[in-house]
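Feature annotations, courtesy of TrEMBL:
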- 25-481: domain 'Major facilitator superfamily (MFS) profile' (DOMAIN)
- 28-50: transmembrane segment (TRANSMEM)
- 62-82: transmembrane segment (TRANSMEM)
- 94-111: transmembrane segment (TRANSMEM)
- 123-143: transmembrane segment (TRANSMEM)
- 164-181: transmembrane segment (TRANSMEM)
- 201-219: transmembrane segment (TRANSMEM)
- 248-267: transmembrane segment (TRANSMEM)
- 287-308: transmembrane segment (TRANSMEM)
- 320-339: transmembrane segment (TRANSMEM)
- 457-477: transmembrane segment (TRANSMEM)
C-alpha cells in the first residue's frame, strides 16, 4: 500500500512540476506578446513627425505606406514562423524573430543617416520590425496548444491584456521620451542622434535582449489536450483530426478578424493627421496628446478584458464578438463630420500676403516656432467639410476602446477552439497574416481616401465594412463552435 502511495506521490509531484513549468512558459509568451506590442506602439505617434523631419518630400500618403510596411512584413513572416514552430522547438523561431526585430529597431533609429532616400530607409526598417513581429503566430499557437478548453478563454484574454498593456506603455514611454526634444543628444563616435524620435527605437531594442534571455532560460515545450492532460509528442498530429476542421468556420473567423484589424489600423493611422488637421495641433502636441489618448484606451482595454473573461463564461464567446462589432460601429458613426464649424486652414490668414513664401521657408527648420498648423490648403475637402469636434473624437476613442479589445480576444479564442487539438502554428500564422493584411491595406486605403476625399468618405466606408462583418457573423453564427462540441455532435 505504502509503495503504491509513494508511486502516486511521485506522479503527483511530476504533474505538479509539469503544471508549474507549463504556466511559467505561458507567462514568457505573455511577456513576448507584451514586448511585441511595445515595440510597435513606442514609435507609432512620432512616426509622422520623424518622417517629416528626415525627409521633407514625404507626405501623408507615404505615412500610410510606412505604417503598412510593418504589417506587410508581419503578414509574410507569420505563416513561415508558424510552419517552423509546428516542426521544430518553438525556441528557434522565437529567438530568430526577436533578433530580426532588435536589429530593425536600430536600423530605424539610424534612418536619418543616409544622405538621400531617408523615407525609403524608414519604410524598410519598419518592414523588418514587422517581419520580426511575425512571432505572434508562434506565441498564440503555443498558448492554444498548452491550455485546456477551460483555460483557453482566460489565457487568451490574459495574453490580449498583456498586448494592451504594451499598447499603453508604448505611447506612454514615447510621451515621456518626447521631453528629450527634437535636438536631443549627439554621440559623434557612433554617428548617433539620441532624440525624441530615435530613443524609443533603442529602448525597444533593449527590450528585445531581455526577451531573448527569457525565451532561452525559462521557456519549455508543453502540449495538452482539451481536458488539460499532457501530450507527449509536441508537434504530433493525427490524420483523422485533419479532416474534421470546419473550413467554413476557419474562413469566416479569418474574414471577421481581417475587418477588426483593418478598423483598428485605420484608427491608429488616422489619429495623428486627423488631430493635426482638425484641432490645429503642432507635431509635438499631436505626439503628446495622442500618446495620452492611446494610453487611456489601453487602460480601458485591460478593464474590458477582465469583463470579457467573466461575461463570455455566462453568455458564450459569439455574443461578445457581436456586441463588440456593434460598439465599434457606433464609435465610427460618431466620427462623421456635421455642423457649421469648419477646420482652421493652414495659411488662410496669410494667403494674400507676400510674406507667405518667406514664412514657409522659415518653417522648414524643425525647431521653428512658426510651424504651420491646421488643415493643409492642398487638401481641398478642408474648405467644405465641417470640423470634427474634440468631444466627438474623445467619445469615438472611448467606444472603439471598448469594442476593439472585445472583438480581438473573442476572434482568437473562437478560432483556437474551432481548430481543436491539432498543432495550430500554421493556422495561427494564417490568422495573424490576415490581420497583418488588414493592417497593411487599412492605412494605405485610408491615407488615400482621407487625404483626397476627407473624413466623411473615410468613416462612411468603415461603417459599411462593420455592417458587413455583423451580417456575416449572424449568417454563419451556428458554424462558429468549438471543435470538440462539433465533434461530439457528429459522434451522436
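Here the Cβ of each residue, glycine as well, is placed from N, Cα and C on the backbone.
Relative to the transmembrane segment (123-143), the listed stretch 62-82 leads the set 62-82, 164-181, 248-267 in CB pairs under 8 A. Within the chain carrying the transmembrane segment (164-181), a Cβ under 8 angstroms from the stretch's Cβ atoms is held by residues 33-46, 194-196, 199-200, 203, 284, 287-288, 290-292, 294-295, 297-299, 301-302, 305, 405, all 6 or more beyond its ends.
Using a cut-off of 8 Å between Cβ atoms, the transmembrane segment (287-308) and the transmembrane segment (94-111) share fewer than three residue pairs, counting only pairs 6 or more apart in sequence. The domain 'Major facilitator superfamily (MFS) profile' (25-481) scores a mean pLDDT of 82 in the predicted structure. Within its own chain, the transmembrane segment (248-267) is flanked in space by residues 67-68, 71, 321, 325, 328, 332, 400, 404, 407-408, 411-412, 414-415, 418-419, 427, 430-431, 434-439, 441-443, 445-446, 458, 462, 465-466, 468-469, 472-473, 476, 479-481, which lie at least six positions past its ends and keep a Cβ under 8 Å from the stretch. Counting Cβ pairs closer than 8 Å and at least 6 residues apart in sequence, the transmembrane segment (28-50) and the transmembrane segment (457-477) reach fewer than three and form no contact. Outside the transmembrane segment (201-219) by six or more residues, the chain places 24-25, 28-29, 31-32, 35, 38-39, 42-43, 90-91, 94-95, 98-99, 101-102, 105-106, 108-109, 173, 177, 194 with a CB less than 8 A from a CB of the stretch. With a cut-off of 8 Å between Cβ atoms, the residues of this chain six or more beyond the transmembrane segment (320-339) that come close are 256, 260, 263, 308, 311-312, 385-389, 392-393, 395-400, 402-407, 410-411, 414, 454-456, 459-460, 462-463, 466-467, 469-470, 473-474.
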